[in-house]
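Asker: Sharing a structure with you now.
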Amino acid sequence: MRSLKLAEGCKGTQVYALNPSAPTPPPPPGNSSTGGGGGGGSGGGTGGVGDKLLQHLSDHLRVNSVRSKSSRTYPPPTQPNAVVSPEFLLPCGLPVTDLLEPQIDPCLKFVDLVEKMAQVYRRIENCSQFEKSGAYLEQCAIFRGISDPKLFRRSLRSSRQHAVDVHAKVVLASWLRFERREDELIGTTSMDCCGRNLECPKATLVSGYDPESVYDPCVCSGASRSEMMNEDECSTSQEVDYDMSFCIGDEEVRCVRYKIASLSRPFKAMLYGGFREMKRATINFTQNGISVEGMRAAEIFSRTNRLDNFPPNVVLELLKLANRFCCDELKSACDSHLAHLVNSLDEAMLLIEYGLEEAAYLLVAACLQVFLRELPSSMHNPNVIKIFCSAEGRERLASLGHASFTLYFFLSQIAMEDDMKSNTTVMLLERLVECAVDSWEKQLAYHQLGVVMLERKEYKDAQRWFNAAVEAGHLYSLVGVARTKFKRDHRYSAYKIINSLISDHKATGWMHQERSLYCSGKEKLLDLDTATEFDPTLTFPYKFRAVALVEENQFGAAIAELNKILGFKASPDCLEMRAWISIGMEDYEGALKDIRALLTLEPNFMMFNWKIHGDHMVELLRPLAQQWSQADCWMQLYDRWSSVDDIGSLAVVHHMLANDPGKSLLRFRQSLLLLRLNCQKAAMRSLRLARNHSKSEHERLVYEGWILYDTGHREEALAKAEESISIQRSFEAFFLKAYALADSTLDPDSSNYVIQLLQEALKCPSDGLRKGQALNNLGSVYVDCEKLDLAADCYTNALTIKHTRAHQGLARVYHLKNQRKAAYDEMTKLIEKAQNNASAYEKRSEYCDREMAQSDLCLATQLDPLRTYPYRYRAAVLMDDHKESEAIDELSRAISFKPDLQLLHLRAAFYDSMGEGASAIKDCEAALCIDPGHADTLELYHKAREPNDQK
């Protein structure tokens, strides 16, 4: 670990496994067990418990076949030591291959992702400043497809930064807020401001293009309207020379003729244009739909241009008057004034009708802003649904410039997350289609509507929308066309579609995965193996192979197959499958561990073909597993910590939270583990729960700081840490401050300050899990400062409290002291202790000769194909051996499923050295799409473009 900002220096706890090597799975159960309960000599007593479990499960399936929330509790089985046959826990039986099929990704997916990323980069660079927001939105759609939340949020921020009109600012700022799910934070309101113009609900209502100011502090906490008044109310002042009156009913409103005339051309024509009213001192205004209070307000505005002291109902009257008599300045003032009054859902529901009727652009924008900042709860309000979902509602919004692709892109994503099959989702996607103009917009809208229709089993409509997406240029939608044909018993037709796709284009993992559905036997397995070779992150091939092994009664091999992907990707569906098979093997401890882990990732997960809630399976399995007290759980957590078993650690924390759900410290640890597993969405949910359950203000501030830091708000996170320290000195506050400060290139003074902060953290009370991490990070800073002996002391102290990752830091110290053998041995110790040890093999490769390094890196890739260093090393070795094409192939293999910045940069450099300028430029552009400020890539890009620029 070179610095705190590297992956190995993650702030998260490294929580480790009880047994570094998993035990050999027991053989599959035989068929000799009786129907009463277990396969043993327990007799009738066991059968009675089995009957209770069966009845319990059957009742659950009958009454609660579909459940959407996890908040219910279930009565556990009464006997804790029962021996129960798997049949009672699996009334649906074991999984079968015939029921397995991969989901179609609802996001944009490309045959040549690198080319698409390069195109988007060129579009962003070459378009006008007023088109940049839309270009960044397309980039958002691409990054959504590669499941990188940080890249997605960065593009979304850029889209908001370059937004010009109020509507786009409102939608994009609300979307940014939703991505942090601040609606889940107790004690906050939808209109709370984060302190920057980027998301400030008042700043979004200011039109104009000013990208440089979006990160400035906002002025929403400045002076109120009343404080801005610099003159007294003067509507009845004797200094005013009234020269006419408007008569409304029995009352008169005295006015200044030329002031009223200045409100609009119609008023000027009426009062000075030869009409009979020109000669009258009193004009009857009774039939013009305005009250005496309204007319008095109009008179005051005509002299002061202010609306500050008028109640909303009077301002609404003025808005109507302004529309009737074309008073543009008055209308603009009323629109702005009313817009700044909208702060709640009830106010927004009331005022949006006035806004739409009176064509008040800002007022409607303000109401929309409340609806959007109240998401997802506002999506369940029938009045909000009517405005957003109906064709009439969209037309009304469009008449004011408030129906956009951006709006419906945002809304449809939320609806699909909430319920893919709902009518609301369908209607929002239909509105999205109506708003789609650009090619990529049509591709996305058509494809997503096809996916939803497929989920609803409306196959003809699904096929129609998938075909439309293909015609718009989205080749991945051919997967949807083939699937809908397959569902309608046109299997051969489906096969031909995907076979042609593979023949006509460079094959990808998802192509072979899809074709496997439409063939059988060895051909199916060959396609699945090819899919894994092209893209090892696809979960379906592992699941299918595992279930095929189960069908052959090879349970241990099935578990081993799933372990391959779960070693580097915490996939809920693979955890479910492993738990399912474990129950069949009567490994209830293993099943319970996996179910607890997947419920941490997805709390509302429905298991076994959406039949049983995961929480219910926990209740059924819990009596069959070893019972732990909270103290036992802490010991288990330490054991898993020391053997780098993150999934096992998640299961232990889930168990502990079941006993103490309000423990914010446990929620925080859970979030850190999830970040280590690259499950950011679940991690942020745990962080929010930690913040909500915090018992003190200083603790709450720390969790708020981590939320801000993890969503890209480093300065705000530092401020939270400092505020927490000012209230009470604590380990976590000092650690947060040190971590946030270290997330940059440190000069000597900054490094010394980070060292002081970590030393202060270590003086504060905490447990060994966190102190080990602090010692590890402190050692990293000492290494960067070339204080190797102090670093070695830190790593040694960390190892004494079972912070196993410290072996890696100590190995680096040995390496810097030219003790290469000691460094190698230190990494070997980590490999022996760690259950997840791909990174350890990768790091050990730095401390041995080329042949041994190659061996270690091959193992690292086998264990975790997402690690990019092994590909880069092997490619560099091939280039040194003048095997250019093999080096390019090595990098391309990884880029095809992980378009990584470093991989793209290295391949671009190789292309440049080979004289293939066009390929080098394309890879540079794709890399700059990921990080537009990457200095080395920018330098290479300009160099590769020089021949073209000279031409």
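Every residue, even glycine, has its Cβ placed from backbone N, Cα and C.
Note that the structure is predicted; figures quoted are calculated from it, not measured.
From Swiss-Prot, here are the annotated features:
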REGION    15-52  region 'Disordered'
DOMAIN    242-342  domain 'BTB'
REPEAT    443-476  repeat 'TPR 1'
REPEAT    573-605  repeat 'TPR 3'
REPEAT    698-731  repeat 'TPR 4'
REPEAT    772-805  repeat 'TPR 5'
COILED    815-854  coiled coil
REPEAT    903-934  repeat 'TPR 8'
Asker: What is the number of residues in the domain 'BTB' (242-342) that are helix, strand and coil, as DSSP sees it?
Answerer: 58 helix, 13 strand, 30 coil
Asker: Based on DSSP, tally up the residues of the repeat 'TPR 1' (443-476) by helix, strand and coil.
Answerer: 28 helix, 0 strand, 6 coil
Asker: Using DSSP, how many residues of the repeat 'TPR 8' (903-934) fall into helix, strand and coil, respectively?
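Answerer: DSSP composition of the repeat 'TPR 8' (903-934): 25 helix, 0 strand, 7 coil.
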Asker: Please average pLDDT over the coiled coil (815-854) for the predicted structure.
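Answerer: Mean per-residue confidence for the coiled coil (815-854): 95 out of 100.
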Asker: Run through the repeat 'TPR 5' (772-805) and tell me, per DSSP, how many residues are helix, strand and coil.
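Answerer: Breakdown, helix to coil: 26 helix, 0 strand, 8 coil.
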